[in-house]
Amino acid sequence: MGQAGCGGLCLSLFDYKTEKYVIAKNKKVGLLYRLLQASILAYLVVWVFLIKKGYQDVDASLQSAVITKVKGVAFTNTSDLGERLWDVADYVIPPQGENVFFVVTNLIVTPNQRQNVCAENEDIPDGACSEDSDCHPGEAVTAGNGVKTGRCLWRENSTRGTCEIFAWCPLETRSRPAEPFLKEAEDFTIFIKNYIRFPKFNFSKSNVIDAKDRASLKSCRFGPKNHYCPIFRMGSVIRWAGSDFQDIALEGGVIGINIEWNCDLDKAASECHPHYSFSRLDNKLSKSVSSGYNFRFAKYYRDAAGVEFRTLIKAYGIRFDVMVNGKGAFFCDLVLIYLIKKREFYRDKKYEEVRGLEDSSQEAEDEASGLGLSEQLTSGPGLLGMPEQQGPQEPLEAERGSSGQKGNGSVCPQILQPSRST
């Protein structure tokens with residue numbers, strides 16, 4: 001029984017199976033079948049091809065360069081700085097014009113700081129003391145402003161003392177202006193120049209329209225109906241991001257400017273447009289002690305005696321991040337390879353035939369044998385297998401002359417017959 005089963009299994013390996021189709025003459029089933037086919041076809045045509053454009057090749061490796069410039073001036077008159085005019089060199093950091101830049105809108109200025117000894121701020125926990133032994137000499141104050149000298153200083157009407165420190169004195173004042181220091185910054189302008197390239201399709205474009213008149217470019221402002229003007233009013237950008245300029249200018253914040261390039265390269269290059277969106281990137285709803293955006297920097301000087309001093313500036317302002325995204329879509333290679341007249345040319349350029357080692361060696365042998373045959377034909381015993389000529393031959397011109405024909409200046413290949421020996 002076991003041998004018979006094994007034999008049947010072995011014989012079944014050589015069986016051939018083919019499909020059998022049964023045509024059912026049923027209108028309901030046939031209609032349902034055709035509706036299913038029509039649904040699949042409609043899905044492919046409408047969704048895949050028309051909506052999602054599945055026939056296109058997509059390049060998402062966008063290459064981009066961003067250049068920025070800020071313009072505008074502001075005038076201030078304070079007790080610390082006096083009358084002063086602020087231009088772009090004073091309030092834009094960094095000045096190189098990169099895709100991330102900072103505009104100063106508010107300041108805390110501490111002028112004429114010199115390296116000396118003074119009392120640490122009272123709100124620094126590590127700087128509090130009740131006696132000199134609490135201030136270890138040479139120890140840096142944690143989250144403070146200097147190094148302890150070993151003395152504990154008491155102020156009038158104070159319940160506790162603070163350590164004396166060696167630092168840049170006087171220390172930074174803690175009072176912040178109640179309104180933005182540079183209120184005119186709302187009317188400053190931001191020039192954003194963006195170059196993009198889709199390397200796969202070798203397509204490049206800029207967000208600046210080609211304008212021969214520079215005056216028109218300088219006077220334009222970006223708006224819903226003017227997307228090719230790259231000059232933005234700062235107050236408008238803040239408003240489009242959903243924030244109020246007075247609030248963000250007081251404590252600082254981060255604004256994102258997103259440029260989207262989604263181009264259908266089947267159309268003309270003029271149909272590829274940039275699309276802008278604006279958003280507040282920091283958490284504006286969180287009113288914590290760390291909300292906003294600020295940092296410190298100093299400007300250093302020397303007096304007549306050569307002693308160094310500085311002006312410390314705590315800058316509040318708006319950081320702008322220009323982000324560029326996009327993709328380019330182009331009709332796929334199907335058209336180039338199969339549909340147009342020069343399809344064979346594009347197919348040969350796209351696909352390169354690569355032979356294996358055995359094929360290459362065989363081709364080399366065939367070429368070598370062909371060369372050997374040609375050498376035999378040219379250097380053999382006679383031309384085209386004919387025997388060598390035994391006697392001397394008359395020159396070609398003499399032979400022509402003997403036949404009575406005049407030369408017409410052309411040289412025609414002829415097969416010379418062997419001369420007869422007399």
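Glycine is no exception: its Cβ is also placed from the backbone N, Cα and C atoms.
Unlike curated entries, TrEMBL annotations are predicted automatically.
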Residue among Cys118, Cys129, Cys135, Cys220 that, according to TrEMBL, closes a disulfide with Cys169: Cys118
Cys220, Cys263 - which one TrEMBL pairs with Cys229 by disulfide: Cys220
Site with most surrounding Cβ atoms, counting all protein chains shown within 10 Å, from the disulfide-bonded residues Cys118, Cys229, Cys263: Cys263
Cys135, Cys163, Cys229 filtered to the disulfide-bonded residues whose C-alpha is within 10 Å of Cys152 (disulfide bond): Cys135, Cys163
For Cys263 (disulfide bond), the one of Lys69, Lys71, Cys229, Asn294, Phe295 that lies nearest, given that the recorded positions are compared by Cα: Cys229
Protein Cβ atoms within 10 Å of Val70 (ATP binding site), excluding its own: 21
Largest inter-residue Cα distance among Lys69, Val70, Lys71, Thr189, Asn294, Phe295, Arg296, Lys314 [record-listed ATP binders, Å]: 24
Cα-Cα distance linking Thr189 (ATP binding site) and Cys220 (disulfide bond), given in Å to the nearest integer: 11
Cys163 (disulfide bond) and Cys118 (disulfide bond), Cα-Cα, nearest whole angstrom: 9
